[in-house]
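Residues or ranges marked as substrate binding site by Swiss-Prot: G79, D80, R81, L82, R101. Summarising the annotation, Swiss-Prot assigns divalent metal cation binding site to D102 and lists similarity to another entry as the type of evidence.
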Amino acid sequence: MALLTTDLCDAYADEPGAQLRAMNPMLIGYGGRARFGGPVTTLKLFEDNVRVRELLSAPGDGGVLVVDGGGSMRCALLGDRLAELGRENGWSGAIIYGCVRDSAELAQIDFGVQALNTHPLKSQKKGLGERDVSVTFAGVTIQSGDWLYADEDGVVVASRELTL
C-alpha cells in the first residue's frame, strides 16, 4: 500500500532530516495507479521523448521517473505505450512536467502518471536530454536518489525513504 501524501506531510513536515517538499498543485493524475512512489531518476529534455523510452525500457526497481520537459504544452512526452513499457519494467510511475497523450488508455494501465495536461501530438525523436541532473519545477528541486510520493492529493519529495 502506498503512503498517503497527507500523512507524510503530517509526520515529516517539521523534521529537518527528511527535507520534505510538497509540489505546487499543478499536476493532474492520468495513470491507472493513483498512488505511487519510490526512488527518483531525473531526466531533463524538451519536446523529445527518446530518452524517456530509453529509461522506461530499463529495469525500474519500483522507481519514479521525473521528467522536466520544460513545461511544454506543444506535444506529449509519454503515452500508453511508454506507460506500459514502464509498468512491464518495474517502474511505479512517472511525473511529467509537460504533456501526455492517450489519456483514456493511461487510466487503464497499472502505472502512476501525473502531468500538466494532455496533447495529441507526439514529440520529436532526436535523442536529446540529460539524465540524473537536478530539475526544478512546481516549486521543488528534485535530484536522482530523492524519494517521491504521489496520490490524489498531490506530490511530495523527500531526501530519503519515508515510513509511517
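The backbone N, Cα and C atoms fix where each Cβ goes, and this holds for glycine too.
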Is G79 (substrate binding site) helix, strand or coil when read with DSSP?
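The three-state answer is coil.
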Excluding G79, D80, R81, L82, R101, please set out which residues of the same chain place their CB within 8 Å of the center of the CB atoms of the substrate site, keeping sequence order.
A76, L78, A83, E84, V100, D102, E105, L106
Enumerate same-chain residues with a sequence separation of six or more from R81 (substrate binding site) and a Cβ-Cβ distance below 8 A; give 'none' if the list is empty.
D102
Just how many other Cβ atoms lie inside 10 Å of the Cβ on L82 (substrate binding site)?
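Total other Cβ atoms inside 10 Å, all chains included: 25.
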Mind giving me a neighbour count for D80 (substrate binding site)? Other Cβ atoms within 10 Å of its Cβ, every protein chain shown.
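Its Cβ has 19 other Cβ atoms within 10 Å.
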Which residues in the same chain, at least 6 apart in sequence, have a Cβ under 8 Å from the Cβ of G79 (substrate binding site)?
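Counting only residues 6 or more apart in sequence, the Cβ neighbours of G79 (substrate binding site) under 8 Å are V100, R101, D102, E105, L106, K122.
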What three-state class does DSSP give the residue listed as 'divalent metal cation binding site'?
coil
